[in-house]
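A short write-up of the structure that comes next.
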Amino acid sequence: MEESADGKAKKAGARLCCLCHQKKAALKRPKTLEQICRECFYEVFEEEIHQVIVENQLFKPGERIALGASGGKDSTVLAYVLSELNRRHNYGLDLFLLSVDEGITGYRDDSLETVKRNEIQYGLPLKIVSYKDLYGWTMDEIVKMIGLKNNCTFCGVFRRQALDRGAALLKVDKLATGHNADDIAETVLLNILRGDIARLSRCTSIVTGEDGPIPRCKPFKYTYEKEIVMYAYFKRLDYFSTECIYSPNAYRGFAREFIKDLERIRPRAILDIIKSGENFRISTSTKMPEQGTCERCGYISSQKWCKACVLLEGLNRGLPKLGIGRTRGLNNDDKKDTKKTNGTKSIESKQCGTLDF
Amino acid sequence: MACSASACQSNCYKTQQEEEAVKANNNTNSFAANISSSNNNSNSGLCLKCKANQPISSNSDGGDDARFCIDCFRGNLFGKFRFAVTSNAMIAPTDNVLVAFSGGPSSRVALQFVHEMHSKAQKNFDACRDRSLPVFGVGVAFVDESSVYSAPSNETDKVIGDVRLIVENLAPPSKELYIVPIESVYSSDSGDGRERLKKLLDAVGDATGREDLLLHLRMLALQKVASQNGYNRLLLGSCVSRIACHVISATVKGQGYSLPADVQYVDARWEIPVVLPLRDCLAKELTMLCRLDGLKTVELIRSPCTGINGLVSSFVTLLQEENPSRECTIMRTAGKLIPFHFNKIEEIDDSNVLLATRRRQKRYNLKPNESFSSESFCFICNSPLSRSDLLSLKNLESHKTSSVCCSSCQFQILPQDPSSVNELYTLLPEQLFARAKHDNLDHCSAIREQIQDCLLSEGEDET
């Protein structure tokens, strides 16, 4: 097919789109390296996401769906594409935007402005839950107290719960997040590097937390980050691209950089990593932590108190180290964050700042 | 445990050991001396294990191993090797083991350890009156890939000469050495093996695919020489570092399903079962042992890895620098995946085999019920195929051959264009197709056997 396109291109003087063979090719599709025109790109991009939604039965008609919205590229494109597909294919969904306000001046306040514009542009109702309301602390206050070490631990634990609380307030059936294929491939690699077989077995599932109160799904599981950026760029979508001020400098982890290098020589490597992750032969009897509820706030927890309550207790009692570095999982975060603040590279990339994680 | 004649260095440890023994004696004689020596331990940094000898390196930048003395370091490595061998029934007294020797440090150590084990078994045999336990046989194979890299012939001759010297210099009994040209994967009657191999590799467009294909052919060549010369084990020197790289690159190539098959101690999906006794040793340790014991290695004529494999190995090296236990963690993660039924040596049920031999087949890791079976293998890389792989193959138009191919080989080795696929098929060694056919027939007859009692007619076509 490519050869015939080449032949035509020579005659016409410019390459033609290898899908419609009519318009001039405007871009090289990152996933397949096909040269296609803009319209065909929109179509394949949207159609692929539609197929993922249909094949995996992510949504049922009449469901209320919250879209995690940070104002970043992934969640902005998610909101745009899902509202478009919902209209086009009559999913029959009630879509909502759900944002978390961590209380980071100069970062979240600006990105929330973007989300508020999106609310109007796409006509989707927006709900903002703030750390201040939920926990009585903003990230600014937390950082003032504990410094730039471990702050991402607090933010990450709090955000996870905040999203669930917000989703409960909106009375939605499901929460869709903007995790893309690159994110998932990176998580697969990181879990191999860490030896975390339990997480390795579930990190590729497109729907998680089905036993919990609000399941989460990732419609962008097979969508390349580069294509999301490209889509946002060509559609001139309004998004916010500054990084969190507390997770400093244009920092990228080893794993992320490795994936970008792989993509350069073999674009399909990202999909192959996800495929590997799905096909790993992991014994179903692998021990999973038993799930209970937090005695304090009623949130799902494997311990007596959930992590957020432990951290919060520490903050309120003026002992911010409480809950950090006691369990193994947090130990890891601890080390990682230390490294980050030192400006050295770690194996992991973005984890903070956006709602995507 | 004496050092080999060619490589005797000044610190011959036999005398050192004796000295140590004398020292230890003195220590036990006087309580005071004992105390002073234990004080010394904490102060002057003696070997972590025996607390008597000088460690290899006093500063800690060599890792834990460098804080061992030479004897403990060697003992530790040999212990890992011996544990792997005995706990997986890798070598029984009746076995005939072919060691794949590339000239590099890992396979050099593998050769040395097998040699030591062999000499010990021979000594026991000679000392034993009834000679009930036979001594396993050892051979060495070196795959000569000079035809691929088109190295000048004098260089190739030098490498082969060095390999020969290394094997000859091992203490007796002498071991058979096979120099196997990589083009021997083609049947011997056609004299154009070299040409065909060149054409085959040229026909593969993807650089990573070419590297991997060569790797599969190397295994094929080793299998062939082992089978032709009556060996029943093929021993490789794959170490943790190597396996960690394989784990990541297999993941990147989408081979997550078949990955656990490649990282076990035993891989018996081949005609001659493959064993990896150095699976728990780091490349760094093995290189260090070669240096300390003066084990000679051979500089290889091989182009450095490019493409995906090169990227993965520099990634893993980077991670290993950041955290010295990273390679082990990676391998352990892959070790937690469920292995396949062929990842163990079949137990000997034959009552003719001596009980002593059978008893030696201890095994610790694999429980048969844990590993479910897979029936089809990729005809190029011999990796087991997942159900989803097979399903997607059915959707594709069926090829003339009965052979099926995994999606990774399909992408990186086979050409996209169907007509050139057939051309590539003519360049591949016949053995690959023979193996595939054999597997499929085996599978068919096995299925037939299971349903035999319900079949009404004998013919196959009435399905």
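Heads up, the Cβ atoms here are built off N, Cα and C, so glycines get one too.
Features reported for this protein in TrEMBL:
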{"type": "BINDING", "residues": "A:Gly68, A:Ala69, A:Ser70, A:Asp74, A:Val100, A:Gly178, A:Asp183", "note": "ATP binding site"}
{"type": "DOMAIN", "residues": "A:65-248", "note": "domain 'tRNA(Ile)-lysidine/2-thiocytidine synthase N-terminal'"}
{"type": "DOMAIN", "residues": "A:292-322", "note": "domain 'Cytoplasmic tRNA 2-thiolation protein 1 C-terminal'"}
Inset, instruction - Kindly assign A:Ala69 (ATP binding site) to one of the three DSSP-derived states: helix, strand or coil. - result: coil
Legend entry - Mapped DSSP class for A:Asp74 (ATP binding site), helix or strand or coil: helix
Inset, instruction - Would you mind checking how many other C-beta atoms are within 10 angstroms of the C-beta on A:Asp183 (ATP binding site)? - result: 23
Inset, instruction - Give the three-state DSSP assignment (helix, strand or coil) for A:Gly178 (ATP binding site). - result: coil
Inset, instruction - Quick one: among the binding-site residues A:Ala69, A:Val100, which has the most Cβ atoms sitting within 10 Å of its own Cβ? - result: A:Ala69
Inset, instruction - Check A:Asp183 (ATP binding site) against DSSP and tell me helix, strand or coil, would you? - result: helix
Legend entry - Mean of the pLDDT scores, which run from 0 to 100, over the domain 'tRNA(Ile)-lysidine/2-thiocytidine synthase N-terminal' (A:65-248): 90
Inset, instruction - Tally the residues of the domain 'Cytoplasmic tRNA 2-thiolation protein 1 C-terminal' (A:292-322) by DSSP class, grouping H, G and I as helix, E and B as strand, and everything else as coil. - result: 10 helix, 4 strand, 17 coil
Inset, instruction - Note down the number of other Cβ atoms within 10 Å of the Cβ of A:Gly178 (ATP binding site), including every protein chain shown. - result: 27
Inset, instruction - Using only the residues recorded as binding ATP (A:Gly68, A:Ala69, A:Ser70, A:Asp74, A:Val100, A:Gly178, A:Asp183), report the maximum Cα-Cα distance in Å, whole number please. - result: 20
